[in-house]
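Undergrad: Dropping a structure here in structure tokens format, bear with me for questions.
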Amino acid sequence: MSGVLIAVAALLALAAVFGAVLGFASEKFKVEGDPIVDQIDSLLPQTQCGQCGHPGCRPYAEAIAEGEEHNRCPPGGQDTVVALSELLGREELTLDDEGAEDANVAKVAYIREDECIGCTKCIQACPVDAIVGAAKLMHTVIVDECTGCDLCVEPCPVDCIDMLEVKPTLQTWGWQRPAGIGERPDSRIEVVNL
């Protein structure tokens with residue numbers, strides 16, 4: 001019995017020593033991140049869609065901090081460009097929507113379920129997990145979660161995914177802003193449902 005207690009005590013002592021060494025090392029060799037990158041990253045929509053030319057929002061935030069243009073995020077829209085301009089103290093640019101069909105039109109993925117073969121490639125491609133389904137079963141899109149990044153369209157082997165325009169509803173409709181208040185004339189005023 002005493003042999004077991006000695007082994008347990010030795011393991012506890014080793015765990016305490018290694019824990020202390022790791023704790024000390026984590027404080028001593030801590031690498032400070034650039035706080036501006038964190039602030040930029042928090043303003044980006046986190047869709048990880050790659051439409052900006054970077055593999056995700058964090059690499060794009062790092063590129064912006066190093067001087068790259070801050071107007072290449074179609075999912076974020078013009079509001080994100082304005083917020084980034086204010087944060088960085090840079091000139092306000094217009095959204096560079098090259099590569100995006102129409103950044104001002106909200107789109108959502110739609111899977112024609114009768115044609116879906118259940119390969120799960122669209123599920124793997126979706127950066128926000130807006131597609132549900134299982135292998136060899138049909139898939140469907142959770143419309144409220146879909147960001148319209150269209151990353152699911154290309155991997156589909158049977159081409160059963162379409163990007164459809166989101167039609168205004170009573171919940172999403174808004175008045176056009178009057179021209180001259182610092183916004184584009186076609187931007188909408190947010191409607192708050194009480």
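Don't overthink the numbers, they just go from 1 along the chain as shown.
Yeah, the Cβs are placed from backbone N, Cα and C, and that goes for glycine too.
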Undergrad: Can you tell which of Cys119, Cys126 Swiss-Prot lists as binding [4Fe-4S] cluster 3 with Cys146, Cys149, Cys152?
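TA: Looking at Cys119, Cys126, the one Swiss-Prot places in the [4Fe-4S] cluster 3 site next to Cys146, Cys149, Cys152 is Cys126.
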Undergrad: From the centroid of the CB atoms of Cys49, Cys52, Cys57, Cys73, the recorded [4Fe-4S] cluster 1 site, which same-chain residues not already listed sit within 8 A by their CB, in sequence order?
TA: Leu44, Pro45, Thr47, Gln48, Gly50, Gln51, His54, Gly56, Tyr60, Arg72, Pro74, Pro75, Gly76
Undergrad: Using DSSP, how many residues of the region 'Hydrophobic' (1-26) fall into helix, strand and coil, respectively?
TA: 25 helix, 0 strand, 1 coil
Undergrad: Spatial neighbours of Cys122 ([4Fe-4S] cluster 2 binding site) among the binding-site residues Cys57, Cys73, Cys146, defined as Cα within 10 A: which are they?
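TA: The binding-site residues passing the 10 Å Cα test: none.
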